[in-house]
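Q: What follows is a single structure, and I will ask about it in a moment.
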Amino acid sequence: MPEGHTIHRLAEDCLRLLAGWQVRASSPQGKFADSAALLDGAVLDGVDAHGKHLFLGFEGAGWVRVHLGLIGKVTFDGQVSDTVRLRLRGGPHGEHTMDLRGPAACELITGPEKQAVHDRLGPDPLRSGDDPRRAYARISRSRVCLAALLMDQKVLAGVGNVYRAEVLFRHGVDPYLPGRALTAPLWEAMWADLVTLMRAGVRDNRIDTVRPEHEPAAMGRPPRRDDHGGEVYVYRRAGLPCLVCGTEVRTAPLAARNLFWCPSCQPPHI
DNA sequence: AGATAATGTACAT
DNA sequence: TGTACCTTATCTT
């Protein structure tokens, strides 16, 4: 379930369960075996997350950069499996196991290489101190539509297909609005909303975006949970009635992903 | 701007 | 058995 909140939650979990102790590192699936051998016995001494990149720091050995891609997953349940790219076992008595499966990237890098990743990413709503005006400087100069810009990690880091659809809906913004037509106050509001939504996402380990007054219970509808466990307005709800106005939610491919929106709550610009 | 490849799982047919 | 997927790097137009 990889959007930015997942990665920041993983960083917290790794810090809590594994950091500060020597780890046993292995690669049952094999692809990371050489690097795992270098890490084996090192102390995990730092974690970091920026957008959808997770960094695990090992004393004297550098950083492991992990990107989950579309299908990567991390579990802490210790189930034996031969599809595990990287297994870390640690904690005070070696009782915690982190298993990484199917990542798009898992590589051992240096400090400067880590910095180069930060340099090519935009501000992240989950990194306190990141400046939303850096994103706005690019958005306000672009003719590309907002739905594409919100997913561009050079513009804004951490937002994926769910948060882009939901933040556009929550602000009544047409996904096809060109970036240059977005006003500064509206961008400030969308950023502030992303900070709130994504922090809740880290806390709950899932994406919930529906305001209490639109919860199915409050609307007299039966309770509903979407496929990924959270409550959302439009993501993957194509053809279903909008939770606010009842209009059918629409879908269309945009920037290689399925976009979802409500044509009456998010009316077309001009 | 679009098409494709890569990786693992879950759910539909 | 097929297909969708909370992604993106790398190709071709």
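Keep in mind that glycine also has a Cβ here, set from the backbone N, Cα and C atoms.
Just so you know, TrEMBL annotations never went through curation; they're auto-generated.
The shown structure was predicted, so the numbers you read here are calculated from the model rather than taken from an experiment.
Just lifted these from TrEMBL, have a look:
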DOMAIN    A:2-90  domain 'Formamidopyrimidine-DNA glycosylase catalytic'
DOMAIN    A:233-267  domain 'FPG-type'
Q: Report the mean pLDDT of the predicted model across the domain 'FPG-type' (A:233-267), rounded to a whole number.
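A: A mean pLDDT of 92 is what the predicted model shows over the domain 'FPG-type' (A:233-267).
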Q: Run through the domain 'Formamidopyrimidine-DNA glycosylase catalytic' (A:2-90) and tell me, per DSSP, how many residues are helix, strand and coil.
A: 21 helix, 34 strand, 34 coil
